[in-house]
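Peer 1: What follows is a structure written as structure tokens; I'll ask about it next.
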Amino acid sequence: MKKLQLLAPAKVNYRLDVLGKRPDGYHELRMIMQRVDLCDEIEIALADSPGVRVTCGRKGVPDGPGNIAWRAADALLKLSGREVGIEISIAKKIPVGAGLGGGSSDAATVLMGVNELLGLGLSDERLMEVGVKLGADVPFFIFKKPALAEGIGDRLTALEGVPSLWVVLVNPGIHVSTAWVYQNLRLTTREPATIIPRSYSSLDEVCALLSNDLEPVTCGRFPLVGELKEVLIAAGARGSLMSGSGSTVFGLFDKESVARQAAAEIGKEYGWFAAAVRTI
Ligand SMILES: C[C@](O)(CO)[C@H](O)COP(=O)(O)OP(=O)(O)OC[C@H]1O[C@@H](n2ccc(N)nc2=O)[C@H](O)[C@@H]1O
Ligand SMILES: Nc1ncnc2c1ncn2[C@@H]1O[C@H](COP(=O)(O)OP(=O)(O)OP(=O)(O)O)[C@@H](O)[C@H]1O
């Protein structure tokens, strides 16, 4: 039976500016997004009986239609009109409800995987159109490059020369609802938006970008998330920020040895999820 084994990476947001609220409740954003090599493992196989089946087995993540990966496969089967069976199993490695885009990445990977497995020949642009209906972060994972993301996060521009960095992810096990964060965001009149460079050459330039308008909302409700930034800086990070809607905080490092040591010490001392990963 034909099957694919795929990796679905996490993301961090180096920058997240909220520019306004749209009539449909979504927010206009300007983000800088970067994938990192902490990955969920996904197997997609053709099956005899028609329909989509998803197993995940991780507490807090549904099997079946409640899983965003199920909705991704179902959307593609409907679009293609194919009456086949698809079996998906997901081994979650990315913390859930953590601002790392794990669900969105699973969905993107399933869209790309089912497209390949069934030989549908859909372009990435078409898969992104399907993906944005599943979640605003999904198109970025199909784009597969560091990106400036505008609109609701789906208008993507590739960035040049973004340096390869070591990133330490720290998650204290707090599940944050993205919907709750956006609902509790107080929009104020911002300073005219600063210009975001389109090309980069150093860690310092990336550190100068670090800013996230959702941080005050999540840190107001969970002050520990704000404290994680100090913990990472004390462990040698050159810059630190909450990713997405949280609760993961990341630190940026130029040296592998310092990053690995920071992750090991933070994990040991506080018992939190802490991992040294690379940008991809
Ligand atoms: C926080 C980020 O992860 C940053 O990359 C994204 O903005 C959220 O992406 P996502 O989880 O894929 O978003 P969706 O699943 O489409 O939406 C989750 C919730 O966030 C809100 N949401 C999302 C994206 C956006 N531009 N404005 C919003 O207000 C939606 O109203 C929804 O209630
Ligand atoms: N494949 C999946 N992986 C993770 N969560 C999923 C999945 N399918 C459905 N969910 C549900 O989505 C919610 C959180 O998803 P996810 O882990 O992607 O959040 P997140 O990392 O905060 O995302 P984002 O950074 O895009 O806001 C949970 O309530 C979870 O049950």
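Note that Cβ sites are derived from N, Cα and C of the backbone, with glycine treated the same way.
Keep in mind that this is a model prediction, so the values were computed, not measured.
Feature list, courtesy of TrEMBL:
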ACT_SITE  K11  active site
DOMAIN    67-144  domain 'GHMP kinase N-terminal'
BINDING   P95, V96, G97, A98, G99, L100, G101, G102, G103, S104, S105  ATP binding site
ACT_SITE  D137  active site
DOMAIN    204-270  domain 'GHMP kinase C-terminal'
Peer 1: Using Cα coordinates, what distance in whole Å links G103 (ATP binding site) and D137 (active site)?
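Peer 2: On Cα coordinates alone, these residues lie 9 Å apart.
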Peer 1: Restricting the comparison to the recorded positions G97, G101, D137, which residue's C-alpha is spatially nearest the C-alpha of K11 (active site)?
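Peer 2: Among G97, G101, D137, G101.
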Peer 1: Using the alpha carbons only, what distance in Å do you get between G99 (ATP binding site) and D137 (active site) once rounded?
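Peer 2: Answer for this pair: 11 Å between alpha carbons.
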Peer 1: Can you tell me how far the Cα of G101 (ATP binding site) sits from the Cα of D137 (active site), in Å?
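Peer 2: Distance (Cα to Cα, whole Å): 7 Å.
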Peer 1: Taking just the CA atoms, what is the gap between P95 (ATP binding site) and D137 (active site) in Å?
Peer 2: 16
Peer 1: Just counting, how many other CB atoms are there within 10 A of the CB of G97 (ATP binding site)?
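Peer 2: I get 20 for this one.
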Peer 1: Listed recorded positions: K11, G97, G101, G103, S105. Which have a CB under 6 angstroms from an atom of ligand 2?
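Peer 2: Going through K11, G97, G101, G103, S105 in sequence order, those close to ligand 2 turn out to be G97, G101, G103.
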Peer 1: Looking at Cβ-Cβ distances, which residues of the chain lie under 8 angstroms from S105 (ATP binding site) while being 6 or more apart from it?
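Peer 2: Result: A8, P9, A10, K11, D40, I94, D137, F141.
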Peer 1: DSSP secondary structure for G101 (ATP binding site), reduced to helix/strand/coil, please.
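Peer 2: In the DSSP reduction, G101 (ATP binding site) maps to coil.
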Peer 1: Within the same chain, and leaving aside P95, V96, G97, A98, G99, L100, G101, G102, G103, S104, S105, name every residue whose CB is within 8 angstroms of the centroid of the CB atoms belonging to the recorded ATP site, in sequence order.
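Peer 2: So the extra residues in range turn out to be A10, I94, G244.
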